[in-house]
Amino acid sequence: MMILTCFIILAVDFSIFPKRYSKTDLYGISLMDVGVGSFVFSSGIVGYRLWLKKAQNNNINPPFISSLINALKSSSTVFIIGSLRLYLTKMLNYQVAVSEYGVHWNFFFTLGFLDIFVHLIIVHINNYSMFILPLMAIYQILLSFFGLENYILFAPRVDLISQNKEGIFSFIGYLCIYFAGLRVGQEILKSPTTPKKQASSYSSKKAKTLFFIWFSLYLLFLLSTELIGMKVSRRVVNLPYIVLAIWTNTFILWVFTIFDQLVFDFSFLPFLNASPKQSAHIEDYTILYQKQVPPILHALNYNGLFIFLLANIFTGLVNLGVRELSHKKLPMFLPTSYAYLILTIYLATLIFISLRLASLNIRIR
């Protein structure tokens with residue numbers, strides 16, 4: 001997903017990119033619409049292990065002030081990135097779609113506030129589902145019955161809040177998506193007691209759980225859109241969009257789990273049936289599993305946030321460079337051959353940097 005995300009944020013500026021995959025303005029579903037929610041959802045899944053490790057190291061809930069300080073420290077890098085992006089876009093007069101997050105807000109601010117709120121909330125929650133469902137319901141009630149959706153989509157930008165209304169209020173929806181990722185991560189990242197148990201029962205049990213979650217969410221999506229008549233909106237991150245982002249990614253995880261069960265487990269049948277004496281000469285199951293991950297995917301995920309930042313910087317540089325070198329001509333009007341060349345060099349550069357950092361065991365957080 002990281003490769004696709006980095007590729008699309010630049011490719012969308014060229015004519016070779018199909019416009020049906022671009023972000024919708026008011027309502028609808030496109031590849032880029034789903035991609036934003038998928039990024040947050042996957043962050044929640046990956047983040048579960050981090051929160052689990054912190055919980056194991058701190059058996060007693062820390063005081064609120066201590067949690068707040070830790071949250072601010074943890075999110076400071078993302079806020080700095082977001083602030084730099086805001087400053088540079090204003091200074092260079094770089095065109096930004098205000099309807100996405102607002103005049104000053106950007107996706108990095110959303111990620112930063114997610115980090116803060118999760119730090120403050122997660123230590124007080126044992127059941128993520130009991131937090132997500134009421135929050136989704138309350139937010140959708142505010143959108144549908146108290147005029148919040150019309151305010152976000154159509155209200156004039158007269159003050160600081162209204163200038164950034166998309167980013168401020170959609171954050172509630174992204175918080176739901178992130179905690180949904182944590183909940184799914186709680187199910188699929190549980191560590192069994194033995195490698196044998198991990199190999200024999202992991203895939204089948206997790207596949208059933210993921211299928212149940214996916215099917216339930218799919219029914220909820222049909223109920224909200226077909227029966228109730230709600231429209232999917234990425235700008236407000238309403239209930240249909242939240243459900244769509246979760247069930248789409250859950251379905252993908254379910255497919256991967258089935259593939260893992262049908263293909264990968266067979267590679268380890270000798271390991272599963274080996275005697276204790278034989279097993280002593282076989283590598284740890286987890287290490288063998290990790291070796292199946294393609295090096296490029298591992299490298300990109302090893303420094304995910306940093307690579308995502310580089311992709312945003314390169315996207316801005318490419319757009320500015322094209323306009324300067326082509327006498328203010330937008331990338332949209334470049335010949336197809338130039339577009340393919342630029343995108344190839346851009347993606348190859350990101351992959352090279354990520355592979356180099358991973359090979360040196362350098363992780364930039």
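Indices start at 1 and increase along the chain as displayed.
Every residue gets a Cβ built from N, Cα and C, even glycine.
Automatic prediction, not curation, is the source of TrEMBL annotations.
Since the structure is predicted, the reported quantities are computational estimates derived from the model, not experimental observations.
Same-chain neighbours of the transmembrane segment (34-52): 1, 4-5, 8, 23, 107, 110-111, 114, 118, 122, 174, 177-186, 188-189, 234, 237, 241-242, 244-246, 248-249, counting only residues six or more beyond its ends whose CB sits under 8 Å from a CB of the stretch. Feature annotation from TrEMBL assigns transmembrane segment to 34-52 (among others).
Marked as transmembrane segment by TrEMBL: 64-84 (among others).
Per TrEMBL, transmembrane segment is recorded for 104-123 (among others).
Residues annotated as transmembrane segment in TrEMBL: 130-148 (among others).
Annotation comment: TrEMBL describes 168-189 (among others) as transmembrane segment.
The feature transmembrane segment is assigned by TrEMBL to 210-229 (among others).
Per TrEMBL, the feature transmembrane segment maps to 241-259 (among others). A Cβ distance under 8 Å defines the sequence-distant neighbours of the transmembrane segment (241-259), meaning residues of its chain 6+ beyond its ends; these are 29, 33-34, 37-38, 40-42, 136, 173, 176-177, 180-181, 184, 188, 203, 206-207, 210-211, 213-214, 217-218, 220-221, 224, 232-234.
Listed as Cβ neighbours of the transmembrane segment (299-318) (distance under 8 Å, sequence separation of 6 or more from its ends, same chain) are residues 2-3, 5-6, 9-10, 13, 77-78, 81, 85, 88-89, 92, 94, 331, 342, 346, 349-351, 353-355, 357-359, 362-365. If you look up TrEMBL, you'll see 299-318 (among others) marked as transmembrane segment.
Marked as transmembrane segment by TrEMBL: 338-358 (among others). Within the chain carrying the transmembrane segment (338-358), a Cβ under 8 angstroms from the stretch's Cβ atoms is held by residues 3, 6-7, 10-11, 14-16, 295-296, 298-300, 302-303, 306-307, 310-311, 314, 318, 322, 331, 364, all 6 or more beyond its ends.
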Which sequence-distant residues neighbour the transmembrane segment (130-148)? Criterion: at least 6 residues beyond either end, Cβ under 8 Å.
121, 169, 172-173, 175-176, 179-180, 183, 230, 236, 238-239, 242
